[in-house]
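K.L.:
The structure that follows is given in the form of structure tokens.
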Ligand SMILES: Nc1nc2c(ncn2[C@@H]2O[C@H](COP(=O)(O)OP(=O)(O)OP(=O)(O)O)[C@@H](O)[C@H]2O)c(=O)[nH]1
């Protein structure tokens, strides 16, 4: 992604888009915040379709997934990043570098702070990372503080929280929102759109994300594999789609129903984790396959044969060559 000359191409002409009204705005926004702050859920609520995975476990968003909001007067390309957090491993460091590089290029940053958690050292750390970006008055990246999950707290607690947030980020707009309760999502949208510069749309109408299908398929498998697992698996699970190909008919032709064979590798760090993913007699892996397949079929619109394999790649988080092989 490169700011104004985004990957969709500059201007509508090249895309065969109709001319746009005067004053049309377009640009990029990015949501940051500590793990589990509600970034993916808010992205989905804004875009109106499931494009980023959500999970009740922290740090499940590995890839920069973009959602695109199309409105008659504006287009907003949302970049959903992994949570910005204090790096502990090489992977953590790379994720942070990715986040900071992304933030320098977008038109507005939304900092998500969950209303049900007190403002803590993690938030202060993220704020300190953001301050230099917003600091250069007039030229810095505008920052909007999004107080998320407001449905989880009472009004008096919310009021105190909003005050704390505006003390932490005196230069930012503060907007309370509940993505789950669909409360104030429209206000978030208006505030974010208001920070975009004038310019033609960067993506054709109807496009919701430019994330390659294979990455979204991998995310669906990852989401299913993490479901209900209590230990540290989120940090230790990488998913790679090895192959997606049309299933041939017995005479080598193409099936009418467009069925796809999808081969996916799940990488864990230790044998014990492999056992967790596979479950007794393979029962858990079968359930993961059933859930992921339903999501993949809904995404791709064709029947899918899903083949899942689990492998141990020891300490992949700390090994640069393994990280590269796994797409980081
Ligand atoms: N009650 C309530 N729960 C929410 C809301 N938004 C998110 N959640 C829940 O909070 C958890 C984390 O939400 P995510 O959207 O995955 O958070 P995230 O910031 O993308 O998390 P990472 O990918 O770990 O960085 C999930 O269980 C969501 O269902 C909300 O508005 N209200």
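Each Cβ is built from the backbone N, Cα and C atoms, and glycine gets one as well.
Summarising the annotation, TrEMBL assigns domain 'Era-type G' to 25-198. Taken from TrEMBL, the feature region 'G1' applies to 33-40. For 33-40, 80-84, 148-151, the entry in TrEMBL reads GTP binding site. The annotation region 'G2' is assigned in TrEMBL to 59-63. Under the heading region 'G3', TrEMBL lists 80-83. The region 'G4' annotation in TrEMBL covers 148-151. Taken from TrEMBL, the feature domain 'KH type-2' covers 229-314.
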K.L.:
Please list the DSSP helix, strand and coil residue counts for the domain 'KH type-2' (229-314).
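P.N.:
Taking each residue of the domain 'KH type-2' (229-314) in turn, the totals are 33 helix, 29 strand, 24 coil.
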K.L.:
Could you give the number of helix, strand and coil residues in the region 'G4' (148-151) as assigned by DSSP?
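P.N.:
DSSP composition of the region 'G4' (148-151): 2 helix, 1 strand, 1 coil.
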K.L.:
Count, for each of the binding-site residues 36, 150, the other C-beta atoms lying within 10 angstroms of its own C-beta, and report the residue with the smallest count.
P.N.:
36
K.L.:
Hey, does DSSP put residue 33 (GTP binding site) in a helix, a strand, or just coil?
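P.N.:
Residue 33 (GTP binding site) sits in coil per DSSP, no helix or strand.
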K.L.:
Identify which of the following binding-site residues, namely 36, 39, 150, place a Cβ less than 6 Å away from any atom of ligand 1, and list them by sequence position.
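P.N.:
Close enough to ligand 1 are 36, 39.
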K.L.:
For the region 'G1' (33-40), would you mind checking the mean pLDDT of the predicted model?
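P.N.:
Reported value for the region 'G1' (33-40) is a mean pLDDT of 84.
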